[in-house]
């Protein structure tokens, strides 16, 4: 705009000078005609310049705004109940993939493992009835009392087979908070449930024997925007949390004396956030992924940061451990990559990933490990979950294809609707080595999580996730089909957790509700 004004002013100046330089009426008339003609031409040029400059300024402002938002200098307020998009290309159609491609998973070890764990390798026609198993259990119990050796009545695979008939189909609201609920998960033994809310309060509940009793409330410190992630230590004695802050905080769970300490990470950027954090299996270290493209490792024994690794080309949204050994690490970020690291060889001078999983075409929001040291899933802004095998890293062509695809994304998942071309995309990128892709949920507004179902009651047969539409979505990991859609929330479901020993699920949503999902016999 400034350039247009300058050109108009210069043209006017030249015209005035010519008019003042002569007093001859005939020449003045000629110049007047010429000036009028030139003015029309200049006006057309100015209009063209204005349009060009307007487009350039829009692009520049868009780029600046995206940078400021990404770095946390600007925050956009989004109404989760209002969609003011007038673009038909941005309208979401929340439908599952009608025909998931199972060609890779059908030939994989993963399929055989899941079938064995969940009892799917048994001939369904020969599966004994539930009453028959109960009768066998009574005989087994009587035999044990009489000193006779008896095989256990219910094998884990038996539980999984019958459990598949009792997936959650009903709900009840356990708590209703005044602000958005960001995190909610069971402890590993299922005795505790922790929630973190935008009201800066962390709440701990006793969930033993089906109860949901508040036992501790902690006011978080140094919170920017919201508490973003939490984790409970393996021994169940402490929890950690992160936010837009240069520190992680650690608190005790039990005991009358409160422990609430900050763990400084000493980042180089002023605006800093840990989006994801995890305890190591021995509880001695904390792994974190940050907005400065780095992985952080904090040693709790010596109380200092021991590693800061440049790991991605954009925000690191999620971190995880591959198994209980805590030596193999996963990280994923807005560059669309999921990377694998060996803790034993990590060093700041030469950070090098063991391998890369590439195949998503937008930023990855979450990682969950199956816990077997081989398989993991990633949730992504391209509206899909992918299943990966550690023995099938992506080639360089996959890395290049993912980087190119991510660079073409020009929407912001926090406040814009998902483009139809992205949501309905079914074509695999070159070099995509994933075993399976799951579609039918929406990833918008926040870093929505996904998980494997627990081994005890499901054999890890299912993959479940929250959804921006307010649903909990449960997929069959082998077929890619949605087996349950749980509707009930009025806002985005960011986190969802399956009880490790039962068929109950608890979801936490931006509508402020903490909701329990369970099975009810619909025939009664």
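Backbone N, Cα and C atoms are what each Cβ position is placed from, and that goes for glycine too.
Whatever TrEMBL says is automated annotation, not expert-curated.
Keep in mind that this is a model prediction, so the values were computed, not measured.
Listed in TrEMBL for this protein:
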| type | residues | note |
| --- | --- | --- |
| REGION | 1-57 | region 'Disordered' |
| COMPBIAS | 13-31 | compositional bias 'Basic and acidic residues' |
| COMPBIAS | 32-45 | compositional bias 'Polar residues' |
| REPEAT | 309-351 | repeat 'WD' |
| REPEAT | 357-391 | repeat 'WD' |
| REPEAT | 486-517 | repeat 'WD' |
Secondary structure tally of the repeat 'WD' (486-517) (DSSP, helix then strand then coil):
0 helix, 18 strand, 14 coil
Write out how many residues of the repeat 'WD' (357-391) are helix, how many strand and how many coil, based on DSSP.
0 helix, 19 strand, 16 coil
Per DSSP, how many helix, strand and coil residues does the repeat 'WD' (309-351) have?
3 helix, 19 strand, 21 coil
